[in-house]
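Notes for the one structure printed next.
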Amino acid sequence: MFKEMCIFAAWVHGDPRKVIYPTDSYGQFCGQKDTLNENKTILFYFNILKCASPIVLINLQCPTTQLCVSKCPDRFATYIDVQASYRYKPDQWNYFRQFCKPGFNNPRKSVAQVLRDEDCPSMIIPSRPFLKRCFPDFSTKNGVLTVANQTTFKDGRGKTRNVTDLREAANGINNVLDARSVGMKIFEDYAISWYWILIGLFIAMIVSLLFLVLLRFTAGVLFWIFIFGVIGIIGYGIWHCYWEYDHLKGIPGSDLTVYDIGFQTDFRVYLQLRQTWLAFMIILCVVEVIIILMLIFLRNRIRIAIALLKEGSRAIGYIMSTLFYPIVTFILIAICISYWAVTAVFLATSGEPVYKVMANQTLCKYANLTCDPETFNTTNVTKLCPGAQCTFAFYGGESLYHKYIFIFQLANAFVFLWLVNFAIALGQCTLAGAFASYYWASRKPADIPLWPLFSSFGRAIRYHTGSLAFGALILAIVQLIRVILEYLDHKLKGTQNSFTRFLLCCLKCCFWCLERFLKFINRNAYIMIAIYGKNFCTSAKEAFFLLMRNVVRVAVLDKVTDFLLFLGKILVAGGVGVLAFFFFTQRIPVFAQEAPTLNYYWVPLLTVIIGSYLVAHGFFSVYAMCVDTLFLCFCEDLERNDGSTAKPYFMSASLHRILGKKELSPKKAVG
């Protein structure tokens, strides 16, 4: 119910035009269709010197009159000069008055009254539109800051001022403009290289697919090469430590202990001690022995893990459609993000226009107080503060609804997290159902159901929506608590209370661990839901105890899988990245003429590398889900069957051979 209230309030009170269009001093949008400002798309500031920085201009309100104009000034001019010459140079007046308040056309009004009432700006300076606002046209000439090649200008109040008076605003504006220039060049690079970027991502997709297919033949080789490589490197380290230990024998001072020399900031001092190298050698020997003992005692479980990896590659080969399911998850998450972003914008822009008194006199007691523009002229504020105006300040409100907008934003964020976790849960349950149908087929692939992926998706939507939503809800609650803790940590960052910071740090760490644990439990619960169709709590309990009864196998399989998939991601992203580097730098003679000429070759290069990694991650996430599903099915198979004619195993022949005769009874299946 609260969710529906939040959405209803956002869409009823929100107005995204407040983000799209700049707002003038009267609360009107610049450039909005079917209004007087339809052709006036740019916001003009009467006296930009009153504005501290571009950030103030964009986010807050500058204490000067602001009008919507069709174009920015392109010349220097002051109201005093224009008024004095309007009779014989009417063109100057006609040009200047387009930057005055709408309807003002009285050049005979005294300068003092015009400036007091802010009917017109005291000056205009050459400007350029940026972010739909007129900013001074700054440039640097021979290291000197200029505006339209001038270093001074008249402020319209009888003073000649230097352009450096605008330096605070100029520095920020020039940085933004430089960033815009870089942004345009990056956009140009994307415009002429997008075709080759897509080709690079397609190559990454093909390489990822080949890697998964070849894992059934190379998984064991890659793993054992890595393991023996680690053993060899540690062995070399042991030999080097012994060589250093023996080499320092007889050298004066080398027999001192670490305790004798105390703490030294130059750590190279410790390398001159025999005791240091002896300690390194002992540590490496212990690590070497531990690794060798683990390989000896866990060799059978490592073989099972490698066999499951190969079996996963075989399963994906039979159900190739699963490799493209991440596209569905991506689309669902993109819809969730769009929904959250639009609702957040409506909530952020749901305030009403707030007007405040803007007075030229610093001692005016009504300055910055709220006012009503419709009744302002009937009050005595203009008498007590001559020249004061009631101008638009910002969007906000004092109603009960506006006080709880932050709560609505939190509710919107919670709904977003819930929907995203549900989309991920739906994908995991769908893939688990498809791969489980492969494992429990008596004859593979003859007994695999027709269209296993679509059948599994239909079952997940029809029967398991509630269970998936419940699991996603639990995870979303923990994630929302983490978001709130991060917000509190950001707000309290400047405090000096060490206990508060320590408590927040502990809470953040605990909830991070809890989130990781819940993701692990949910993932395996969804697999059990896909296999047996039970509710979430029952499936989570059965999955947890099943994994605990096979905790060693879980640890071994998890590490072996993580290593091989990480290696695959690095190989795909690195290989395609190297190829893209040589192509975009025109170092491949055959394609030198085809390579586009770029401003920054690293723009498409980084895009290809990151995109290739994401493509590989998408493919490999399916593979990881496949291996996890097959592992749970494997454990269930061992506990429920004994390999007899009445209860035959459903596992593949390779897994059956690895188990051997010792694990043919269900009681010995745990471990």
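Cβ coordinates come from backbone N, Cα and C, glycine included.
The feature transmembrane segment is assigned by TrEMBL to 194-214, 221-239, 277-298, 318-342, 415-440, 461-481, 501-518, 563-584, 600-620.
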Contact between the transmembrane segment (221-239) and the transmembrane segment (563-584) (at least 3 Cβ pairs under 8 Å, separation 6+): yes
Beyond the flanks of the transmembrane segment (277-298) by 6 or more, those residues with Cβ under 8 Å of it: 227, 230-231, 234-235, 237-238, 241-242, 244-245, 248, 271, 552, 556
Positions on the same chain near the transmembrane segment (563-584), where near means CB under 8 A and six or more residues out: 193, 196, 200, 203-204, 207-208, 211-212, 215, 219, 222-223, 226, 309, 591, 595-596, 598, 601, 604-605, 608-610, 612-613, 615-617, 620, 623-624
Which of 194-214, 318-342, 415-440, 501-518 contacts the transmembrane segment (600-620) most, counting Cβ pairs under 8 Å: 194-214
Close approaches to the transmembrane segment (415-440) from elsewhere in its chain (Cβ under 8 angstroms; 6 or more beyond its ends): 3, 6, 312, 315, 318-319, 322, 325-326, 328-329, 332-333, 336-337, 339-340, 448-449, 452-453, 455-457, 459-461, 464, 468-469, 471-473, 475-476, 479-480, 522-523, 526-527, 529-531, 622, 625-626, 628-630, 633-634, 637, 650-651
Intrachain neighbours beyond the transmembrane segment (194-214), with Cβ under 8 angstroms and 6 or more residues off its ends: 313, 316-317, 323, 568, 571-573, 575-576, 579-580, 583-584, 595-596, 604, 607-608, 611-612, 615-616, 619-620, 623
Contact set, same chain, for the transmembrane segment (318-342): CB under 8 Å, 6 or more residues outside the stretch: 16, 209, 212, 412-413, 415-416, 419-420, 423-424, 426-427, 430-431, 434-435, 438, 444-445, 448, 452-454, 618-619, 621-622, 626
